[in-house]
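Annotated in TrEMBL:
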{"type": "DOMAIN", "residues": "16-103", "note": "domain 'Ig-like'"}
{"type": "DOMAIN", "residues": "116-208", "note": "domain 'Ig-like'"}
{"type": "DOMAIN", "residues": "216-301", "note": "domain 'Ig-like'"}
{"type": "TRANSMEM", "residues": "357-377", "note": "transmembrane segment"}
Amino acid sequence: AAATKNKVKGSQGQFPLTQNVTVVEGGTANLTCRVDQNDNTSLQWSNPAQQTLYFDDKKALRDNRIELVRASWHELSISVSDVSLSDEGQYTCSLFTMPVKTSKAFLTVLGVPEKPQISGFTSPVMEGERMQLTCKTSGSKPAADIRWFKNDKEIKDVKYLKEEDATRRTFTVSSTLDFRADRSEDGVVVSCRVDHESLNSTPQIAMQVLEIHYTPSVKIISSSSWPEEGQSIVLTCESKGKPLPEPVLWTKDGGELPDPERMVVNGRDLRISFLNKTDNGTYRCEATNPIGQNSTEYVLIVHDVSNTLLPTTVIPSLTTATVTTTVALTTSTATSATAISTRDPNALAGQTGPDHALIGGIVAVVVFVTLCSIILLGRYLARHKGTYLTNEAKGAEDAPDADTAIINAEGSQVNAEEKKEYFI
């Protein structure tokens, strides 16, 4: 009776316990059924087709993929290896009490997406052309997620398409990236990333490096901002393009370089030695590749050699005050001209402008000569007037008496006044 009572009491607590299982296709699924209290009652696992797999520790279905893991009164565990999508479904653990008690365990099999492929890319692509890249992956269950990146920067608002495969168990997923080719994207890595729960947080990635061809861009860099006579200058033609334009073409004023001995082209550099005023002009650099051509120009102005001591050398007879003033004025003018020209050495205005130091010297010479002329003329006039008055006074000394002398003297004063007025 006690045994019966325990049996009855035990049968009330006999409930099989199972858990749902998720496994990746090709992996191994472990199905476990536990009973906390069991009085020697048998346990059984059956598949979704209600075929018995194991009854206690006895194998009932001939399938080499199914093996016994553990069998006791409290547990029956089996494993299914190399799981396929067709193995998915509801498995049943049965405890043969009166009545039979069961517990369900659902086996979910994940379809692993195939490695994605990028299609639609042609190399090279011309700048401005429209590009449509499509990334596709099949075999995912549930449907995989596709994301696009350009150099690790995600691209949003991309078309997404999901289709069922022929087996109606898995999906083929595709996504299309639509954009226009730009030179800034040459060499950019475009990647298609497939995320899926079967991949254990390690996405599958397909990559494509963009190759975009574009017309050259050209820029001229000068080695000197203030080229002077006798110096050398190097003009560098920086050209970028895909394919790289090589070589570049240098011309002057629309024609060939006039002096090949002094004007030497080395790669992208044009070197002009012993500059002189004949080198003034417009130099053009032209770069060409199979896509097109481009050019830019540089206006060369050769300046006179700087010399602020020129006025002192030309006029050594100037006084100290005059020299100081002239030199200061000339220096200020030359410095100002230099500063203005330095801002824009390529300015078209004033290409052959006169040297300001030379102009200052000439002005100083003219002023000095004028002053000397005025002084000499003044001295001459003063000397002439004095002589005339002296001669008139001598005429009074020859008079026979004093009255006549006074009269002659007065007459001479009158005449002198008249003559003075005339000369003045």
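Glycine residues also receive a Cβ, built from the backbone N, Cα and C atoms like all the rest.
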- Item | Helix, strand and coil residues within the domain 'Ig-like' (116-208) as assigned by DSSP | 6 helix, 54 strand, 33 coil
- Task: Check the domain 'Ig-like' (16-103) for me and report the mean pLDDT.
- Result: 94
- Item | the domain 'Ig-like' (216-301): DSSP-derived helix, strand, coil residue counts | 3 helix, 50 strand, 33 coil
- Just give the helix, strand and coil counts over the domain 'Ig-like' (16-103), going by DSSP. 3 helix, 45 strand, 40 coil
